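As annotated by Swiss-Prot, signal peptide applies to 1-31. The feature transmembrane segment is assigned by Swiss-Prot to 446-466, 474-494, 496-516, 589-609, 737-757, 902-922, 928-948, 952-972, 979-999, 1034-1054, 1060-1080, with sequence analysis given as support. Look at Swiss-Prot and you will find 1133-1273 tagged as region 'Interaction with fem-3'. According to Swiss-Prot, the region 'Disordered' annotation covers 1142-1194, 1267-1330, 1424-1475. What Swiss-Prot records for 1178-1188 is compositional bias 'Basic residues'. The compositional bias 'Basic and acidic residues' annotation in Swiss-Prot covers 1276-1310, 1451-1469. Annotated region 'MX regulatory domain' per Swiss-Prot: 1392-1413, in sequence order.
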Amino acid sequence: MKLKYNKLLVSVVIVTFVTFGLLLAECFGKSIDYQEKSIFPSFVSQGFFETRTNNEEYIIEKIAQTQENGVDMRSTLHFTQHGYLLNNISNLKIKFRQKTYTLNDVCFKPHITIFQQSSSSDQNEYPHYIQRLLLEMQRLSPCLIVTPLNCFYDIYRIHGEISNWNKNTDFLNRRLRNSYIEAIGENDERPYVKSNYGPSLIKSWADHMFDLPSKSFTNSTKDALFQKIKLWLLSIEPRQKTCAASIHSCDTPLDSEHYFNICTDMQSVDNFAEKKTKFKLEDVDEEFAMNLDCVDDQEQFIEWMQELEIRKMYSHVTEKPDYPNVVNQTCDKIFHDLNSTGIEFFDGSRSFSSTKSQFDTMQTEIVLLTPEMLLSAMQHSDFVNGFESIWTIEKAEELIHEFRLALKEETEKFKENRMSKMIRVTSRVLDNTVTTKLQSFSEKQTIHFVVNVHSLIVILFTIFVWSGAPLRSAFMFFVRDALTCLLFCFVCSTDGVIVLDTELIKYIIVLTLANLYFTTRSSFCTERLSRCIQREKRFPINSNFASLITVDTMTDSRQIQYFLSTVTKYQAAQDSYSNELFERFPKNWGCTSILIFPIVFVYWYFIDSNFDKICVSVLPSFCLAAGEELFAKNMFWKEREAMQAKQRLENEEQAESITGSSLEKLFAGNKPVSNTDKANIVKKSSIIRNQKPCLQDLSPGTYDVSNFMKYPHQASRIFREKIIGLYLRILKLRTLGVILCIPAILLIVISIGLLFIPVKRETLHTDSKQDDIFIEFEIFNFSTNWKIVNQNLKQFSEDIESIGTLYTISNWQKSFERFEQETNKNASAEWNILFKWINDEPINSAVTLFSEKSSGNQTIANPFKFRLRYGFDAKNETTVIEIVQKIDELLSKCSKNLSPKAVGVLYEHYHRIAVVWNLFAFNQLTTAGIFIILLSIITFIFAITPTIKATFLFSLLVVGTQIEVAALVHLFSLDHHQIYTNLALFAGFLAAWDPFCALLRYRRRILYKSETRRTPELASKRRVLLPIVATADIAQFFVLLITAFSILAIICSIVPELNIFFVPTVILIVIQIVAVFNSIIVSIATKQMFESEVRHYLHRDLRGSTTAVRVYNLVQKQRLASSLDEPQVELDEFSIKRSSPPCRYYAPPPKYSCKKRSRSSDEDEDSDPNQPGPSNRRSPKTGNKRVRGNGDNTELYIPNRYELIVSGKSVGGNTSAAWNGPGSTLEQNMNALEECFELGVDEYDFDEHDGDEGCELVQDMLDRERNLMNKRSTAQRRESRNIEKMKKSQENLDKEKSEEKISESKKNQDDSIESPNLPGTPANLPVDEPLPPVGRLYIVEHVLPEEYRRDPLTEPPSMEDCIRAHSDPNLPPHPRADQYPASFTRPMVEYCEDIYWTHRTGQLPPGLQVPRRPYDYYHITERTPPPEDLNWVPPAESPPIPIPQQAFDLLEERRRNHREQQDEAREGDLSDPEV
């Protein structure tokens, strides 16, 4: 963990120096007189985006109803449906500040202009009862609605609903009556007025009120006002009664009650023929008409009537109008003047438009008040009511906004009803904003939007990525955010001000990506290292090949999943805990790193002057993430050292062998406690207590090893498995790297060509008012004396006037110079003269704008804005482009001393088209060249021995992401193009760096073996499995990020206020997709570049598959040429200790045949008992032993026992077998056997005269067991005889011999099958090997029938069987020996690791004690799964957890495949001629 070998710390130091070097260079570039007054900067809004607002006298909401089939909507059916829509809008109510408002409160009412001819001061002088009368008339005035129903009488019903002409008349009458009583007093007579129509009440009370005498109300004024009231009453009266959709008469409203009356009339007619004639029904309507229920089918009946235009049958009551002729004229109706002439604004053709046909769209315009007009109306209402007005312009704007949203919701709701779907009419609110005035998007809304996006992404990553420690990761994410914002505010403010613009959004996006990436990296590192520590396993830390595990990609997917569950932890542990200085820096890396500074400075100075702010946005997150990762590694390293020290002390204290009672205590779980254990028990218990179980427990019947994958969230685990499976499939394609790399490079070349293709963009139609160009200077807190500012402005004015094609409209600087020459007598009073000039010439305030004056004598107000106005002499496109280019050069020249900004229609249009896009291509190519060099240097320093081809390909494809996005931005002429390309470059680097470094690290581990201590065991016939952890991490990161931005894009497309963010969000999604695609190409192409090197290394250096093969080849080379004819040295004769034991369950079981067993047993019966037969080996599928006696004619089947051969004779079959020493008991001999098993057979010899008594006891035991097995052996012999009668004895004998040879070869082959990550198991001794010499103890395995095999899930193991099966001194240590004390032998460990203990599901038998548990019992992260039981039958009762049907289908498919394989193998054996 030294600094010079830690690349993470070195990268942090380099990034820090680069960042602060750029900041220091920027400070030197500023004026030396610059002095910062405020410690914390201020924020100034310059507008993030530009939107259009309405500039008319009132707000118009347009509603369009379109017939999808293009049918002419001038019909009864569509007018009726349109009337229902307006009826719903008229009853629309919203809740605003604990009060209810309707359309009548916010709509514009043109009739009230009749009373606005006099001034407001005159109206305030009216008596209170007159003011009350005028206020109520204003409330009853109809709203301005432009609709085709204005041509019909139906509009009066709608206005009656909106203005409450027929509702709340009692309340209206009471208000007018109270104002009248207040005027006349208590003693006068009170008139009685009663009416259900609001305008009638106005007329009646107006007659009474104007009869009252008033001193302030003269007769002339009274008469004039009374005439206006009559005019108002006349203006709202209808002129003719033409109904759009009448039922009985025009006065009948179109509501459900009248439809209900019609339904009642239809239901009263029982005869369908009469009903059909009277109501003009069709044949298809018979079922509906006869089964009609007016209560239950009310809504369906109304819609059915509208579809069939059932109102035609009432044509005798009201004449059907000519709809095309009526609606094409001037349809004012309620809106007309005194002469009854129509107003042009209400022309009928205005209400129709065309999409598919001429009249398939019906339009309605509802006019609303502006916030200013609404504020005035509300204040006047509060004044008349005697309330203190609380209305402000902000509240008025909020009320208008809420009502417009409610109007859109109501329209959308109406569009989804059943009637609209039947007649296929779509209703929507049109966007009718007038593009006359530009207004910046609210910075408050933008800040809220950014915060919500931040929160959305953090929530998704917390759930799906940071599942190991979600709260801790989220907390560190926000800590990095806070520190970055704090540093940005201090070092990136311009003159103490941070401008809220699109550049700030770019820095926020860069911060978000970097912070998410570093937080994810830290979370993964900490989680994986903690799992390695929890296992307390001794990793091979002295080797760099801990993670070099090979697996055949064509093997079972479950084996691949099992391998993947360990490779992540092993690789993380190897990278962190390796003692070797593997990732060392290349030579001269210090000198090479110095080149980074001038390259970055060139890019900052000539290309992007804001690159220092990008570095500031990344620096805090990078530093904190690096520190967090190093701290975690150091902490886990110390914890690991403590565990290893503890294990060494335990091994030293328990080195002596445990026998007798100590052995019983040990297997009972009572471990001897030492002083060291007492000292460390507190620490170990705290470690285990703080750790959570990482894996799910496997049930005894399951074989799904994917549950071992340590990803707590199921979706994340499944996704990573899919990504890894796809990656493994891609690795099989040898030419895929070339197939993908060539098109990727061609796409970059094509993108470069697209940057120079002239794209036709929109042309601009201008008038004389759009020819002006304004040069503005915004100087925020510019603390210099006025003389320097004036000199800079004077120089700029001279430079811009040197452009000959511009003429000056206003130049405040020249005006000030003339004023200064006339009044300036003292050179020290220049600042005071400026303020005097501003105050004396107020006309200049339109040119010079400022908000407040500073108190000091040497400072300028904040903000202080200067404006110079010029005009274009020539308006042709070529001249304007040349002027724009000259202005851009002048603005860039003065950007250091001033902050000039050019605005204007012509300038902005041609600047975007001509200047920006022409310079954009050269800018991107220059940026690409600089970053290719920079990324190559970074790769050379921080990667592991990169090749030239791989480095160039990585740099090219990372920069290719930027070029491809730049071409896309160029083709679509998108704004903020520089922001998109910078983000593309940053995202491309993040997506490709980790997988690229992992590939290079893997390459060095394979090819640079001289720097390691061991040789990796790799199979030359299998493809090398590349590191896939980094690829899966990057895929999970970017897929979730793309998902978050996709959700954001959907929200932006739905919410109208966020539509302006839709296009930037889509561009960000495209950037991430392109970055991930190029990252995949980098990984595949880089892998195939050095794959040939790896294959050459395997064939040339290893010369085979394993280390043992390599040793054997070396021995063969050293043999003399003269001894080549001697017998070859067998590989199994070398005493080569394997690195780790083979896997027990990955080798498939041998094919088993019942016929073989029956023939074998019959042959044994008929054979000569005195003739010695071959000793069969133990089959992997059977656990019983068959013992043959040398002096007996019977076979003994002893379950779970081995035959002991002492002095060349079988103990189980010969009663006269001699034991070592006369008079020795069985217990003494068994103790001797145990001592022999502990010391090894080479260190203990038996005497052939010992053990007579022990042999007798053993013989008695065998006799008893022989009697118990007599019946079964007899039945088996009878069955064998029946089979042999069908064939000749000689053929059976030959066939049996051939089958024995085939089974023997299959056993040898099965024994040598390799596990997924280990070399082959050495073969056992040959079958025909002679018996060993006298005086040695050997174990001979025999085959027992299938019926006597122990069920490891229900029957406990036998200690004697473990001792007999695992006491061979040639066996390697048990693979789980490191989880038990050092004194535990292999049989003891095997007994403790039996499946009965590790997968126990039931209760223990009485008297049986559980053996000692391993060290990692409570936090074991991987366990060898049990073999799959294809004969498993589910229990009859229902399981506690529902099992899907797909699981049972999969089980049946496996069983069927297994049976087919067995049948094919059996048929192959029968068809073999040798058999």
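Glycine residues also receive a Cβ, built from the backbone N, Cα and C atoms like all the rest.
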Look over the recorded stretches 474-494, 589-609, 979-999, 1060-1080 and say which has the most C-beta pairs under 8 A to the transmembrane segment (928-948).
-> 589-609
Looking at the stretches 446-466, 737-757, 952-972, which one shares the most CB pairs under 8 Å with the transmembrane segment (1034-1054)?
-> 446-466
For the transmembrane segment (1060-1080), what are the same-chain contacts with Cβ under 8 Å, counting residues 6+ beyond its ends?
-> 49, 51, 441, 449, 509, 740, 744, 957-958, 960-961, 964-965, 968-969, 974, 976, 980, 983-984, 987-988, 990-992, 995, 1034-1035, 1038, 1041-1042, 1045-1046, 1048-1049, 1052-1053
Determine how many residues of the region 'MX regulatory domain' (1392-1413) DSSP places in helix, in strand and in coil.
-> 5 helix, 0 strand, 17 coil
Do you know the DSSP helix, strand and coil residue counts for the compositional bias 'Basic and acidic residues' (1451-1469)?
-> 19 helix, 0 strand, 0 coil
Whole-number mean of pLDDT values that fall within the region 'MX regulatory domain' (1392-1413) = 79
